[in-house]
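Take a look at the structure below.
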Amino acid sequence: MSDKVEKTNEEEQKINKVTEEEIEAVKKAEPDDIKAKEPLDIKNEILEWFESFVFAMLIVQLVFIFIFRIVMVDGRSMNNTLSDGDRLIMTHVNYTPERDDVVVVDSDAAGKILIKRVIGIEGDKIKIDYTNNHVYVNGQQISNEHIKEIMIDNGYFDRTYMTENGVYEYEVPENCVFVMGDNRNDSKDSRSIGYVPEESIMGKAVFRIFPLNQLGKVD
């Protein structure tokens, strides 16, 4: 009986000794393992972040190639709605111009890119009465909320459309639009360069991104 007890105690001591040695070995190994793993983890994280960044930039680039473009306002013809140097986001996918849209036009007649407001679309009858400072589309007076100042017949407009003193009338042809600048006394638009073919419209200005203090939707 005594021999059995002694053997049992010896076995327990051996087990305890082995267990303690294993624990010590694990404790000693842990810092080295952690040190060995940390650089790899950091490199992997950096690589994953870089890949995500490149992918995001690619998506942004594709969006701006196929859906949006950035354009800059050149001149004062859209004051006070837009100012010279403003940066705008333009959308051009499946776009059909509508009245009151602010559009970007590649004008052969003007020899430059223009940013104007659509006053009338194909089939519309437009009457501009400078004596009363009113514009009518299909007999309905349109709002002057965007207009900088009272309109003046400055003599630069095509007199072919003048029906009486200070009054001009237009009928927009098929697949064309009639555009004007909000700063109507300082704007080269359909009154002087004629109707704009829809195929010359690059897109609709939808959002101003610069200057930052005027960030917002283009109305």
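Glycine is no exception: its Cβ is also placed from the backbone N, Cα and C atoms.
What TrEMBL records for 2-29 is coiled coil. As a whole-number mean, the pLDDT of the coiled coil (2-29) in this prediction is 51.
For 47-209, the entry in TrEMBL reads domain 'Peptidase S26'.
For 53-72, the entry in TrEMBL reads transmembrane segment.
Using a 10 Å Cβ-Cβ cutoff, SER77 (active site) registers 24 neighbours. The active site feature in TrEMBL is assigned to SER77 (among others).
Annotation comment: TrEMBL describes LYS116 (among others) as active site. In this structure, LYS116 (active site) is part of a beta strand by DSSP. For LYS116 (active site), the number of other Cβ atoms no farther than 10 Å from its own Cβ, over all displayed protein chains, is 27.
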